[in-house]
């Protein structure tokens, strides 16, 4: 299927609109000349835009490709993670947020210096930076899967394309541009997923038929209560583990806390957080169902078994390539949505990495105070630098296996111990710097050992009995292999 002229126009409009938002905020208002405006949006951002931005920051192409493939190959148990969001939101809103609003610092890690000391602040800040750089490299890589499969554009070209647009509007437009583009890009993400589900409904005859096929082939599963930590998905791992991952991302991660601080006060930030919850769950559940939607097409001719793709992350681009070419612009809309998902994740992280580097690594070692204008200039240069680093690392992401599994491991391995340090500081007043650093280092070591161990990773059965032409050859090959 060719990527038609209308598809290119739709995709180009998305890129131009994202870049235009950055240009608009560069030349309006205060023109991004103060730290207050560039990093905190003058503390007057709206509840709904920030809610969308909170949702979009960690819902990237990893989510769209990874979660859909997860439900296709491992069943619907993953949907249970949405309960962890409900349990985690009040903890974020009423335990952690009051502390950060009371301090009002740009860097969330400044709290740790006041509570424990400079060493704890520097160490946890460095852990955050490493976590986010690794995550961004995967986020930049994921949409290149779609563009390569659908348009034939090379991996190099697609990574550079999404990276340059993102760095451009993040650098010149500041956090205002990041938040507003997140709203626009979030709507495109939803449109992409609903397009996949809509096509499957049209082809199968409705939601009930999609569900019936998934149920027949064992994809519907909500009863795994296994407490074995090596189990890929169970209520135990998804609700408990998912809640800790969610809290580590939304309560103490600089990327999210910086969004809360763009609000005028604590109560407005809490409202925005609660508003982001249904948006987050809607995208998560819709993406999970899109996995079943794709299974309704490939249930008797699995693309991996039949040799059409090599990994589950390529499943959604293949489905779009197979089904949407007959409607002009629909494939372009999907690709625009996938790239929007990447842009909306990378741009806030670039912004927050620049803030952390300035506040935690450079400012403490500056002998004299620099002007606010110079400070903003340095942060813009930092956004450019981090953008370049992540572009380089994105080319290595293809060797990391499942993009969803890798991103969750990165969040859990680093985010868990860092969350523990903040929790100690807030809830246990007698813990000192020596104790917090010992716990952090020990936690990181054990998390790495556990996180990069192999979970039980058996896919549900897939079939090729419906593959015309390939069926006999593949079955014979399988028979010979088994012998």
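Any Cβ shown, glycine's included, is placed from N, Cα and C.
The transmembrane segment annotation in TrEMBL falls on one of the ranges 148-171, 460-483, namely 148-171. The range from 123-142, 183-202, 203-222 that TrEMBL describes as transmembrane segment is residues 183-202.
The range from 46-67, 310-331 that TrEMBL describes as transmembrane segment is residues 46-67. Highlighted: of the candidate stretches 79-101, 148-171, 234-252, 333-356, 435-453, 148-171 has the greatest count of Cβ pairs under 8 Å to the transmembrane segment (377-396).
No contact links the transmembrane segment (79-101) to the transmembrane segment (183-202), because fewer than 3 Cβ pairs that are 6 or more residues apart lie under 8 A.
When Cβ distances are compared across the two stretches, the transmembrane segment (273-295) makes no contact with the transmembrane segment (435-453), since fewer than 3 pairs at least 6 residues apart fall below 8 angstroms. The recorded stretches the transmembrane segment (148-171) and the transmembrane segment (234-252) do not share 3+ CB pairs below 8 A when only pairs 6 or more apart in sequence are counted, and are therefore not in contact.
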